[in-house]
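Okay, structure first, notes after.
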Amino acid sequence: MTYLPNILFAITLIIGIGYFTKNVKKLIRNIKLGHDVDASNNKSQRWKNVINIALGQSKMVRRPISGLLHVVVYVGFIIINIEVLEIIIDGLFGTHRIGLKVLPVSVYGFLIGTFEILACLVLITVIVFWIRRNVLKLARFMKSEMTGWPKTDGNLILYFEVVLMTLFLVMNATDVEFQSLNTGNVISQYIAPWFSGLTEGTLHIIERGAWWLHIIGILIFLNYLYFSKHLHIILAFPNVYFGGLNPQGQFNNLDAVTKEVKLMMDPDADPFAAPAEGAEDDIPAKFGASDVQDLSQIQLLNAYTCTECGRCTSACPANLTGKKLSPRKIMMDTRDRLEEVGKNIDANNGEFKDDGKQLLGDYITAEELWACTTCNACVEECPVSINPLSIILDMRRYLVMEQSAAPSELNNMMSNIENNGAPWPYNQMDRLNWKDE
Amino acid sequence: MSETLKVKTMAEFMAEGKQPEILFWVGSAGSYDDRAKKITKAFVKILNAANVDFAVLGQEESSTGDIAKRAGNEFLFQMQAVMNIELLNGYEIKKIVTCDPHSYNCIKNEYPSLGGSYQVFHHTQYIKDLIASGRLKVSGDTYKGKRITFHDPCYLGRANNEYNAPREVLQNTKANLVEMKRHKSTALCCGAGGAQMFKEPEKGDKDINILRTEDALETNPNIIATGCPYCNTMMTDGIKAKEKEAEIEVLDIAELIANTGNL
Ligand code: SF4
Ligand code: SF4
């Protein structure tokens, strides 16, 4: 009978962590639907980026107010989670505040005191975040892709934080023994009086209740991540590690195309005898991307990492001038389609069954893709090194090389380049005329 | 203008058995577009004044393929690139300068893996070096006290992290440099990039060049300085749309320097 709480706790923990692991496996499987990219180069720079951009949040402070607020929640979240370690040990072994047994009272008090202050700061920050989203209605949270689940998700996570932080403080406030130590209860000592007049037994029940709800809440939170933009608290790290290292203006050269072009440019063959179109037919490779499987694993990881913060979209010249294109939507669509493909695979015994849908057209329209100026503002802004532009480019490649579906003005421009080496219909022989004009 | 520009082609250099110091990649806009040709000439004046022994490819030059690539036509891009690389390598070109940030980015970053590795400069970087080494002397009060705001080209700034060269060069005009709210890494695109220059914009509530022109107008400038022929067109159109062409000039940094030095 005395072991019942321990067993219950262990079961809760196993279910919570087990379900999480299952979803992580699914996530990895889905990401692996993309094609492999070699990112084994320049490890030291990659680690530096992880430390500066992911851990150090260097890009967040480009917007000082939200950047600072985010740092508070982030630091608070990480540090307060040290407390979870104690909860798990206590829960499994039936101890109470094991930290007090292994640490000097002053050190323990200092730790818990710090957690309490952080919890309080997190509470305040989360309220500010809520106001920004729901009262001030910041433009970037009000775009058309931020309705429905993304909007609910953004708020849910804030409520989660409020509940978890409150439970933590109540747990401390109703712990008679802890309060009597009078160390570390920097904040909870002011909450304790609210419960005065209750018997020690009732207090104990409240304390236990808060304790259980806190740990269950954390496990729910852990499992909620997979369905939420909050996955970024984990994925930001690998995503930044695999982020681009080249100058942002450098777009990848497609190897499959290089092979074809080298063949055509063979000195033994007349380079103009084999137009690009004709050569496409005899190569099986698909050029560009029309669905998630055509994207790279890094691009798919990008999609799962997106925090839906909209910093990219709020800097996008196309979006700022009312065009449909929103780089955040590109990432959200990619994730949604990837999830759909993943569910399709689950439902069909591990095989993807054609569902007559694809990323291009059903999620992202050509109109959005053609509005991009390739200005890199979205890439520059993203706090977690996501590159929406690379997906836009790959889908344009599909439209142009597989479907010849470019806007007609662009087709004219391209045939001019093909025929006379300039985007305008001028004679190449006139290239130097400016000299004598 | 009465002065004659000294421009030699690579073929002429070859015939004389000589190598130029640097190749000037004029680019399609700089070769054909009436407005951009003025920028090309201004830059040549600068090269002449600094006694730079440069060459152009002339009729042998062809599109870098940059625009085709950003439009999604990787085939056409690589065809152009491989052709150009063959030509450049045949002439044993080592250094290239261009007034077009798109050509700059493309040749510098996208040609190497296709076999073309060169030292590539944007003209503002090259002018900066010419001034620093004392080869080019720019003094003159043409723009003294004027307010100049510089519009960062995406493909020089964010794409290649070059924000200082154009600003340093502009110091030589003795004008007051005023920054737009969005500048350097947060600069707004002029709207021409990614092949937009060659098509109608998608439906929206405003053209991008108008929004960017409004950014510039907020600084109350006498002059909007550009470092890209396409930006120049976009900003010029923006100023016209705002009916400010009588008060505000849109000039490339090469033109500002050539005018300052009375070259
Ligand atoms: S690169 Fe395209 S999507 Fe990204 S900010 Fe610029 S226009 Fe928008
Ligand atoms: S791509 Fe980056 S900047 Fe854009 S919404 Fe996602 S996380 Fe934010």
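Each residue, glycine too, has its Cβ placed from N, Cα and C.
If you look up TrEMBL, you'll see A:6-24 (among others) marked as transmembrane segment.
The transmembrane segment annotation in TrEMBL covers A:68-89 (among others).
Per TrEMBL, the feature transmembrane segment maps to A:109-131 (among others). With a cut-off of 8 Å between Cβ atoms, the residues of this chain six or more beyond the transmembrane segment (A:109-131) that come close are 69, 72-73, 75-77, 79-80, 82-83, 99, 103, 155, 158, 161-162, 165-166, 168-169, 172, 178, 181, 183-188.
TrEMBL lists A:152-171 (among others) with the feature transmembrane segment.
Among the features that TrEMBL reports, transmembrane segment is placed at A:209-227 (among others).
Model confidence over the domain '4Fe-4S ferredoxin-type' (A:297-328) is summarised by a mean pLDDT of 97. The domain '4Fe-4S ferredoxin-type' feature in TrEMBL is assigned to A:297-328.
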Intrachain neighbours beyond the transmembrane segment (A:68-89), with Cβ under 8 angstroms and 6 or more residues off its ends: 13, 57, 60-61, 95, 97-99, 111-112, 114-115, 118-119, 121-122, 125-126, 128-129, 161, 165, 168, 211, 214-215, 218, 233
